[in-house]
């Protein structure tokens, strides 16, 4: 499965600051600085607590997926001017929500020393011997990457040295060592959008964090995926989308808390700010839906995508696998006809609310067959999308939205409330 379809990605123009790959601007690069496109790879890769990913090589780093190199100590003071590090062997961001003193801190490793940073400041008492913080972990590491509970057996760190992987349990402080001889020697590693990548030179290989299994055709060239380089990818220009230009087609939050925004042929995960906001073609996750969506909603571990008069239902727990027998028509599945503008289901509810033109219809999803149990007029039409959460309902219309406390207040309203503006905190756009 590809990480990006570049052409679609660039059409969205949502290169969130440091959050998405952008073009390589040779005109602004200092010729004396290293070039991430030269194929030499990286010494370490890690995101920070804000979701910005740092790529390290020698005494320099690249902040985010685009832009020129800079000295590491410009972003991380003391990293080389005081301790004369010059480079790092490995780095990772700690995932330890039980101990907030450690959670989201970045750890850098050099030889037998470890450095801990938070908010780009070196913590008091560092550097330390690796064994003080990570007993049983060897020195002179090649790579490291966080692995939260649920993806690994417990909150862990994977430390790479040669073809040995030392799995460090951060709660018990114990280490289990595995040998993954099928993997290349990783010079850096990255957890990105719940997937794991071993970087080696200018290539990368995706692997399973527990078994080390590699699925798919690898290695692949990082210059076509994690950066924009001349002669790689599909070219084109990109820009940051302004909040005043936002127009979404659909939005939903599934039962696991993952939030998806759809616009045109692409979607974004809005709950991935720890990894940065990124755009992908809809077909990456929902391969049967090739022409965008009109509305989406989530219910009972399934996600419903509506396009024209078709309803596609995907099993969320099975990596969004289309349920056999689908798509079905709106009439077959929901007992309605017409062009659906928006749809939403509130948490712990069995009712889907469907907006068609200037009306809102309530359908009991627990009933068979499904039929409209209530229909009311709305104080506006031409709605783009709607989302219900514990805080209420947001009804989106272009770059503005209307907030309601409940489906009842929305259905009973005769005058639209004052519209609010979409913000960067909501959509990752530029204000």
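Keep in mind that glycine also has a Cβ here, set from the backbone N, Cα and C atoms.
Here the structure is a predicted model, which means the values were calculated and not measured.
Here TrEMBL flags 1-22 as signal peptide. Annotation comment: TrEMBL describes 37-229, 147-152, 186-198, 346-388 as disulfide bond. Per TrEMBL, the feature repeat 'Hemopexin' maps to 39-79, 85-137, 138-182, 183-229, 245-289, 290-337. Annotated heme binding site per TrEMBL: 234, 278, in sequence order.
When Cα-Cα distances from residue 229 (disulfide bond) are compared across the disulfide-bonded residues 186, 198, 346, the shortest belongs to 198. The candidate set comprises the disulfide-bonded residues 37, 147, 198, 346, 388. Of these, 198 has the most other Cβ atoms within 10 Å. Comparing the Cα of residue 388 (disulfide bond) with the Cα of every entry in 37, 147, 186, 198, 278, these being the recorded positions, the smallest distance points to 278. Least crowded of the disulfide-bonded residues (152, 186), judged by neighbouring Cβ atoms within 10 Å of its own Cβ: 152. For the recorded positions 229, 278, the greatest number of Cβ atoms within 10 Å around a candidate Cβ is found at 278. In terms of DSSP helix, strand and coil, the repeat 'Hemopexin' (245-289) has 4 helix, 16 strand, 25 coil. According to DSSP, the repeat 'Hemopexin' (290-337) comprises 8 helix, 21 strand, 19 coil.
Comparing C-alpha positions, residue 152 (disulfide bond) sits nearest to 198 among the disulfide-bonded residues 37, 186, 198, 346.
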